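A single structure is presented below for examination.
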Amino acid sequence: MLWRRKSFWLALSAFWLLLVLLGVFPLRLAVLPGPLPGRSQGWPRWLDAAFLQSFSQSETNPEDVAQLPRVSRGSSCTWGACFDTSKCRGKVLKIFVHSPAGPTSEAQRRILDSLEGSRYSALSPADACLLLFLPSQDRRGACGPLPPNWNGGRNHLVLSLYPAPCTRLGQAMVAEASPSSDIFRPGFDLALPYLPEAHPLRGGAPGKLQQHSPQPGATLLAVAEEKGRWRITSTHASACLWDRHCEQDPGPQQTYPGETLPNATFCLIPGHRSATSCFLQALQAGCIPVLLSPRWELPFSEVIDWTKAAIIADERLPLQVLAALREMLPSRVLALRQQTQFLWTAYFSSVEKVIHTTLEIIQDRIWGASGHPSLMWNSPPGALLALPTFSTSLQDFPFYHLQLGSGPGSSFSAVIWVGASGESLLKLIQEVAGSRHCAQILILWNSEKLPPDRWPETAVPLTVIKGHRKVSNRFFPYSNISTNVILSLDAQSTLSTSEVDFAFVVWQSFPERMVGFLSGSHFWDEAQGGWGYRTGMTNEFSMVLTTAAFYHRYYHTLFTHSLPKALRTIADETPTCVDVLMNFLVATVTKLPPIKVPYGRQHPEAVPMDSGDPRPVPEPQPLDQDCINRLAAGFGHMPLVSSQVRLDPVLFKDPVSVQRKKYRSLEKP
């Protein structure tokens, strides 16, 4: 009896194994390989490759033969062997661009423009630790004459926006578009996206995702074709979508140009390099890229976890791929589509972002363990807007409290910009110091007169910093600031302690945004053909004035060390423009409007409610309407976001006893 049971289970096990080998259970699993030193991450591998002996030698794609030459690039080169980090003073990446030999091409000019005025630029080769070579490639793939001080390519980066590999590179790193896997050196070379010729230099268009959830019934599927066109069908179609030898009818389909890619859920992209131009189209459209056995390196795969935004599939298993796409959970689809939009906006929407991402990866290699962690690269706002020089702890940034489960801080530092002393300044100090959340007060003395010998007695430390005449210096990251939260004020600001307390409590719920009392709004002026802005009381707003606003101190670091010098110069030349510039910066990071809280009394820069107001109101400072247009041109787009919401305390102006209200002074005239 026991022998019969053993025989039965042995036969059942053999039958089950036979079913698996014959493909009766077609769904395959994909897992991530363990991290290997010097290898790019984010590539799944298929567990059942050994079971598909008939596909072990895949046929060569004739389209790839002429595009994948095997080029000697110094295959033994690694980061430690071929790059001298000792030349980077203070471990800060500075680059010098060799002048292109011959006429400057359009691609070279766009690269040079993206680096102009950036924090990476150096004036001479002696000040740089990385020399940038922009090859003038011909049809044969030759780089042209090598620059002086080539030194075998050591500490050089050969950068090309197009997939045209060069020869005679020696120890130089190569950053090119869609490099083939057989010549790419992981951990040393860099993979760029294939950019169209009309790709914007700065800013760039936002993502085009219109519908987060797939259409009910059938999920739309787009298949990349030649010349940037797409075939549209559904996941219920046959498996002949990408099989060149299939003679069956692939089912109903429509063809669209890449510019009008509809709101498809999945975009099937063949593995040959001629299809790489479709990758960014899918990313911008919010269409999940399904890469069919790609033979090219995904862009920035060294730092971007593409498993959160794309699917790597085996083109030899069409039935299994379609079945897996049909069975994907809606929550997984939503997460993938949201990640495509973040990656597009953070790293790929402009030439400037692509070039700066390339350099930031090299900067991370120089820093080593002090560089950007994976969370910064793969979650908003992205590594380009999260500077590790600010802090090595994620808790010190305003963006990651939700992921880390930490709090933004329980106290603030008041920073008061003083152009002239007066009674209003002394009263403001007393009101701010009376807040239970105030930790310190810093006076930025900008007056030609000497500061007073005596200041009001306060329960918190008061520090005076002299000699800062530039308006942009009010946003300098002073080492005296001891808290993560800043209350930015002017000497003419008039706030009560209750107003300060309530605004700070609101900021604690929105630590990445600005919370202010006085607002402004931008608008498009059809008559002038440009942007305009106004301050005062309107039905919507997109800015808060920094004369009375809470924000995270990280924005001082970003303002000083990330913004191009040309933009800060605009603010210094036009003092009323500094508020606009700070709001541009925060809106670029958050993609959200600021928060407005109630303000109970008139401010010198605010517009009076009506002409019958009995209180004398000083003339508002004239606004330079050209400022906002110059800033929009510098950013490459208009980042400001409008809002019609103001946050008030509970019971604010409700017909109840004032004794029941927590912030009573907010309603006092």
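Counting starts with 1 at the first residue shown.
Note that Cβ sites are derived from N, Cα and C of the backbone, with glycine treated the same way.
Annotated topological domain 'Cytoplasmic' per Swiss-Prot: 1-8, in sequence order, evidence recorded as sequence analysis. The transmembrane segment annotation in Swiss-Prot covers 9-29, and the record cites sequence analysis as its basis. Under the heading topological domain 'Lumenal', Swiss-Prot lists 30-669. Among the features that Swiss-Prot reports, N-linked glycosylation site is placed at Asn263, Asn480, with the record citing sequence analysis. Residues annotated as disulfide bond in Swiss-Prot, with similarity to another entry given as evidence: Cys577-Cys627. Under the heading region 'Disordered', Swiss-Prot lists 601-621.
Thinking about packing and proximity, how do these listed features fit into the structure?
DSSP assigns Asn263 (N-linked glycosylation site) to coil in the three-state reduction, placing it in neither a helix nor a strand.
When other Cβ atoms within 10 Å of the Cβ of Asn480 (N-linked glycosylation site) are tallied across all protein chains shown, the result is 11.
Residues near Cys577 (disulfide bond) in space but far in sequence (CB under 8 A, at least 6 apart, same chain), listed by position: Ile570, Ala571, Asp624, Cys627, Ile628, Leu631. For the recorded site, Cys577 (disulfide bond), the DSSP three-state label reads helix.
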How many Å lie between the Cα of Asn480 (N-linked glycosylation site) and the Cα of Asn263 (N-linked glycosylation site)?
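That separation, Cα to Cα, works out to 51 Å.
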Using Cβ atoms only, which residues of the same chain lie under 8 Å from Asn263 (N-linked glycosylation site) while being at least 6 residues apart in sequence?
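For Asn263 (N-linked glycosylation site), the qualifying residues are Leu209, Gln210, Gln211, Leu220, Ala285, Gly286, Cys287.
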Through the lens of DSSP with three states only, how would you label Asn480 (N-linked glycosylation site)?
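SS state of Asn480 (N-linked glycosylation site) = coil.
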Other than its own, how many Cβ atoms are within 10 Å of the Cβ belonging to Cys627 (disulfide bond)?
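By my count, 22.
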